[in-house]
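A.B. asks: Encoded as structure tokens, here's the structure I'll be asking about.
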Amino acid sequence: MDGNNVDPTGGCPVMHGGNTAMDKPVTKWWPNALNLDILHQHGARTNPMDPDYDHRAAVKALDFEAVKADVKALMTQDQDWWPADWGHYGGLMIRLAWHSAGTYRMQDGRGGAGSGNIRFAPLNSWPDNASLDKARRLLWPVKKKYGNALSWADLIILSGNMAYESMGLKTFGFGFGREDIWGPETDVYWGSENEWLAPSENRYGDLDDASTLENPLAAVHMGLIYVNPEGVNGQPDPARTAQHVRETFARMAMDDEETAALTCGGHTVGKAHGRGAVDNIGVEPEAAGIEAQGFGWSNPRHDGKATNAFTSGIEGAWTTHPTQWDMGYFKLLFGYEWQLTKSPAGAWQWEPIDIKEEDMPVDPTDPSKRHQPMMTDADMAMKVDPIYNEICQKFMADPEYFADVFGRAWFKLTHRDMGPKACYIGPDVPAEDLIWQDPIPAGSTEYDVAAVKARIADSGLSAADMIATAWDSARTFRGSDKRGGANGARIRLAPQKDWAGNEPERLAKVLGILEPIAAETGASVADVIVLAGNVGLEQSIKAAGYDVDVPFAQGRGDATADQTDAASFDVLEPLADGFRNWQKADYAVSAEEMMLDKAQLLGLTAAEMTVLVGGMRVLGVNHGNSKHGVFTDRAGQLTPDFFVNLTDMAYSWHPVDGENTYEIRDRATGAVKWTATSADLVFGSNSVLRAYAEVYAQDDNAEKFVRDFVAAWTKVMNADRFDLAA
């Protein structure tokens, strides 16, 4: 050692080999590489619970009434480090619950409150979520007390419910059962912007046409939940804002009445905070120093008084009595004329003209003072827009009706991504079946499975038809909001029976044979569809020389048209299916990216996606009987031929001009052996997927391939069987 290797800057002398910074991912060199990480983000390696931990069993053992009582009591337990407005944290907790649930969007089912994702980046640091870091810390004593059984996801939503209860509203109900994740969601696309609150033009085709908001987004800016409270791009215009309110709420499956109820009911309590200059507010939690311990948005003006808090920059309460559920929102909004003004922080807001002193809310900490109430541009939209105005007039005339509509809309908002009612736990689950829950009647478990299988095997249906139909029925499942799947057999109902991806003519033929079998044996059509897929699969396994049973769990039910909101299922229509090598049209997004997205929604790992694609190809179940990717001379047998031939260097691969297809040619003769799409060749091109492909191409893994395919197939068929774990 001559000292030449000494760091002259005084840096750490230890060689750091770990890539611990977020700005140094492996893919930084190849930004267009397929991001397989989205398939492995919430596995056992990130979960601190014991392998045998049963969260649903733990939840069922909770003392629900004690939990609710503790959360309700917390509302008025004022803390010096973050004082409550008027000594009541209700408004803050409602905002926490709302902003946790309000990220849900129906286009892909992502977002929402079901996983406690608001604890993690980027949501925990969105500008719209300022001060919610404090709300979560206020809840920590309750979370600490009840431990694993009370997830953050449940506690956050429960806090909103109990806030309303403590302020006089009887809520519609509550379901426990959400399970926490342990890190950021990397599969969710929140927008392409690299700047908080970047101009809305970045995500609209035409800002004057709210419907041109980029799919699947449901917020007007990066970092906001819905709309800009000051107006479109921060420019007040209630009529224009109304159109964006309508579009953003519609994208989370709310109609006009639900939207008006949530807006008015959400702003019946609490206040906005805008004392001080935004330039004086500190950075968000993810950017704050280590000594901040997860807190962000430090406020040098905050002197321990709620009056001086800063959150959105808008300042004031909406109603005269912000800690009471009443009709005060309507009284002020429609009882006064309003004029545009600015908050102390310089944000646009509206204030009433010539308001009576008794209608002014008192100061949050000094009851001897009163302040002007305020309305945001979105609130004024409820008055200016004729449709919202008419709805509000109906609410004003019937307070009980308003409370009921709001209670139901709030329940929908906070439970939309929990899935069917079988996922709910606790004494406050409403008995009523709600159509947005996609209700399914209980199915039979009394019929003879072996007898039904025999009937199916003798039906004359081909293995390919049975496998394809079962797959099409099950592939609609989305783990994001737990919608879709084979249970309910909605593939036989509108709109699914007419989807291009389901090959309507072939589907009608198959259902015409399977439905009578179901009727005659006492099985549900849903069960028979899946069982037929299993029969076809077992036939293909036997043809390949193996004897492997495909597991089956009976008990699926058949939904009716009356139990199905057909329009709400439009978003589940597959635009592409890499597993059946099909896409409806040419898209800017590649076939392999769409396949990856579908695999993530199905809850598959990269290995499961790989084995399923390879197996589906050789089974000959491509959409429209396409031959792309069928790398075998014995189609219909469940063999690893797809992988064997993909990795065989006797062949070369060549793009076909003007098409998203490729030719696989014999290197020696130049003859075309097979054709393929990018959804096929990616398994040889991507280094990670090739590693999996090589496993199944090995001589010693032919039977493993069959077993792994069956396991992955069964996982998809049972993805929506929440009743099995209830």
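Glycine too: its Cβ is placed from the backbone N, Cα and C atoms.
From Swiss-Prot, for reference:
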ACT_SITE  HIS99  active site, proton acceptor
BINDING   HIS267  heme b binding site
SITE      ARG95  site 'Transition state stabilizer'
A.B. asks: Provide, as an integer number of angstrom, the distance between the C-alpha atoms of HIS267 (heme b binding site) and HIS99 (active site, proton acceptor).
C.D. replies: 13
A.B. asks: State the count of C-beta atoms found within 10 angstroms of the C-beta of the residue listed as 'heme b binding site', not counting that atom itself.
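C.D. replies: Excluding its own Cβ, the number within 10 Å is 24.
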A.B. asks: Return one of helix, strand or coil for the residue listed as 'heme b binding site', based on DSSP.
C.D. replies: coil
A.B. asks: Please identify which of ARG95, HIS99 has the densest Cβ environment, defined as other Cβ atoms within 10 Å, among these recorded positions.
C.D. replies: ARG95
